[in-house]
Each structure stands twice: as structure tokens, then as C-alpha cells.
Amino acid sequence: MNQKVVLITGCSSGIGLALAVRLAKDEKKRFMVYATMRNLAKSEALVEAAGRTLGRTLEIRQLDVCDENSIKACVDNLPMRRVDILISNAGMGMIGPIECQSIDEMKTVMDTNFFGLVRLLKEILPGMKMRKSGHIVVISSVMGIQGILFNDIYAASKFAVEGFCESLAVQALRFNLNISLIEPGPVITEFESKVYEEGAKIDLSKADKVTADMFTNIYLKNYNQIFQSLGQTPEDVAEHTFKMITMENPPFRHQTNSLYTPMTTLKYADPNGDLPIETFYKMVFEHDKVFNASLNFLKLLRWRSRKSFTLGKEKNAS
Ligand SMILES: NC(=O)C1=CN([C@@H]2O[C@H](COP(=O)(O)OP(=O)(O)OC[C@H]3O[C@@H](n4cnc5c(N)ncnc54)[C@H](OP(=O)(O)O)[C@@H]3O)[C@@H](O)[C@H]2O)C=CC1
Ligand SMILES: CC1=C(/C=C/C(C)=C/C=C/C(C)=C/C=O)C(C)(C)CCC1
């Protein structure tokens, strides 16, 4: 059987872990999954979830997206250095007022979320081009299209990812390669708790009172509720990604949560760019109960993406 070699980054938890297991448990055994993580001491959850697939359709390898040597060593150890499907998932969040964040902290986010992808492709793209086949799947975010209050640096890192992939996509087409950006809204993973805990620890003394109050009493106060009520599970995002991978003609962009499509559509609806900014402003500041207003807004504007995902044709089993 002609198995596709899949390399996934950031598989110690969340979306990466769920996706590695989903692919390894494929009934038709179409995939050989190299589930990577920067710290192998964190492999317990994946080992447990992988069950009998471990050593069969799933292997765990070390890979730190911030370390070129680690990426090279991992790829060098794959049979014929071949990767058919690269899933760039490793990433981190960051919230808060920029006055309270150091440039070094910001660089770590860019280094992981953006340069991590660039480093992977520098190592893996030449082989895909040579073989004239491959699928590059990037876990981006709705924040790759539309920024959200107090996510300035995180959104910038995902915008960078999207601009990079848009530019590369035309070249990729020339080599018969696919690039797909997966754009989830909030997902309930360790990302949420890590971001919240770091955010809650921020020393707000460098911010003015209005900003500090906005961050604490609007953003942080509603954060958990928004994630818990409007968030997806990592398994759900993995299922969407699985469908993208097994589709005949995967689209360049795919949003996994239709609740957030209106948010990104506002941007395209107004070339001046004011519509999303004014809408967010009203949503956050001109209602007594921010959470209910946000929830109602999102639900009111819910619609289905015109290019229905479910219509996508699955590839024939190979
Ligand atoms: N959760 C959400 O709301 C959303 C998440 N996303 C994106 O999904 C992706 C996965 O996040 P999610 O599963 O939610 O969060 P998790 O925190 O559960 O997973 C993130 C993974 O990335 C790994 N990672 C971080 N830095 C590096 C590095 N330098 N090298 C290799 N691995 C690294 C983490 O490893 P370690 O355990 O060692 O830290 C972990 O395995 C990210 O790109 C994120 O931006 C997009 C939209 C929404
Ligand atoms: C908490 C909060 C808001 C929404 C936050 C959202 C929607 C966060 C999404 C995070 C994602 C998608 C992370 C990963 O990529 C609003 C509406 C601005 C109102 C103020 C409080």
C-alpha cells in the first residue's frame, strides 16, 4: 500500500495531538504519521491516545520549530527524507497591552508561529518540489485574517503566516503542490489556559488606567466564557483538517467554526477597513454586558460559508 508520510509539529497536546491520532487511526491506513514535539518528556498523553497505532502508523519524534538543527535531524531520519503532507501546527498565543510586553517576548511568538513555519519549509519544500507532489497544511487562525483586541502580536504572527502562504501558493501551484490554511476560532486546548494564565500575571503598571482596566475588566473577564461557550474541541478541528487532507481539491483557506465567518467577512465587505473596527468597538464598549452582546452578535450574523466544505469530494483511497 502506498502510504502518505505525514509530519506534524506540536503534538504534545491540543490540535496537533488530536490530528496525529485521527490520521494514524484512519480506517484505510492511508497515512504514516510522524508526530513531533519539542520535548519528548511530554509524550505521555500522545502515547496513551495513540494506543495500538504507536509503532505502526504513528511514530513520535523530536522537533523544535525554533531550532534549525532539530528540524534537519528529524527530516534526515525519515525514509528518503520524504514528507508528503506537512502539518505546521506548533504555535503559541500572547495577550495583553504592548506597553507591558517585552520585545523579546514578542520575538518568541514571531519566532515560533511565523519563522517556525519558514524553517520547516526551507527543509521540506525542496523535496516536495523535486517530487512535484505534496500538501502543506498550516494551522493558522481566524486571527490570520482579522485582529482581535489585545491580541496584537499573536494576530501579527498569524497575518505573517497568511501573507507568506499567499505568496508561496502561486509558486507551489507550478510544482503541483497544495497549500491549505486552517483557520479555527477559539479551541479549548492548553493554549487557552496558558494564554489566560500568562495574561493574568502581566504587570499592568506600565499601562495607563483605561488600558489596564479594559484588559482586566473586559478582555480577561470574558475570556474563559467566550472560549467555553464558543470554542471548538481539538478533535473537531482535527476532523476538519482530516477532510482537507483527504479532499480531491483542497481549498486554500478553511474556517473551522462558522460562528466566526461574519467577523472575517466584515473585513472583505468594506475596502476602507472601518467596518470590522467599528463593529468590534461597539461590541466591546457600547453594551453593558459585553459577553452577551458578543454572543448575540456572532449568533445573529451566523451564516454558512458559500463554498460549502461538506461538498468537497474525498480523494480515492490509494
Ligand atoms: N486554541 C486556540 O484557540 C487556537 C489555536 N490555534 C493554533 O493552533 C495551533 C495549536 O495550538 P493548540 O493545540 O490550541 O495549543 P496547545 O498549547 O495545546 O499546543 C501547542 C503545541 O505547540 C507546541 N510548541 C510550542 N512551541 C514549539 C516549538 N518551538 N517547537 C515545537 N513545538 C512547539 C507545544 O509544545 P509544548 O507542549 O512543548 O509547549 C504544543 O505541543 C497553534 O498554531 C495555535 O496558534 C488557532 C486558532 C485557535
Ligand atoms: C475575550 C473577548 C473577546 C473575544 C475573544 C476571542 C474571540 C478570542 C479568540 C481567540 C483565538 C481565535 C485564538 C487563537 O487563534 C471579544 C469579543 C473581543 C470581546 C472582549 C472579550
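Each Cβ is built from the backbone N, Cα and C atoms, and glycine gets one as well.
According to TrEMBL, the protein carries these features:
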| type | residues | note |
| --- | --- | --- |
| ACT_SITE | Y154 | active site, proton acceptor |
| BINDING | 10-38, D64, K158 | NADP(+) binding site |
| BINDING | S141 | substrate binding site |
In Å, rounded, how far does the Cα of S141 (substrate binding site) sit from the Cα of Y154 (active site, proton acceptor)?
10
Using a 10 Å radius around its CB, how many other CB atoms surround Y154 (active site, proton acceptor)?
24
For ligand 2, pick out the binding-site residues A18, R30, Y34, S141 that have a CB under 6 angstroms away from one of its atoms.
S141
Distance [Cα-Cα, Å, rounded] between R38 (NADP(+) binding site) and Y154 (active site, proton acceptor):
20
Counting other Cβ atoms within 10 Å, pick out the least crowded of the binding-site residues G10, G14.
G14
Taking only the Cα atoms, work out how far G10 (NADP(+) binding site) lies from Y154 (active site, proton acceptor), in Å, as a whole number.
17
Could you list the residues of the same chain, at least six apart in sequence, whose Cβ is under 8 A from the Cβ of D26 (NADP(+) binding site)?
T57, F242
Select, from A18, R22, D26, R30, S141, Y154, each of the recorded positions with a Cβ positioned under 6 A from at least one atom of ligand 1; if none does, say none.
S141
Out of G14, R22, R30, Y34, the binding-site residues in the record, which is closest to Y154 (active site, proton acceptor) when you go by Cα distance?
G14
When you measure from the Cβ of R22 (NADP(+) binding site), which residues in the chain that are at least 6 apart have a Cβ under 8 Å away?
E235, A238, E239, T241, F242
Once the DSSP letters are reduced so that anything not helix or strand counts as coil, what is A18 (NADP(+) binding site)?
helix
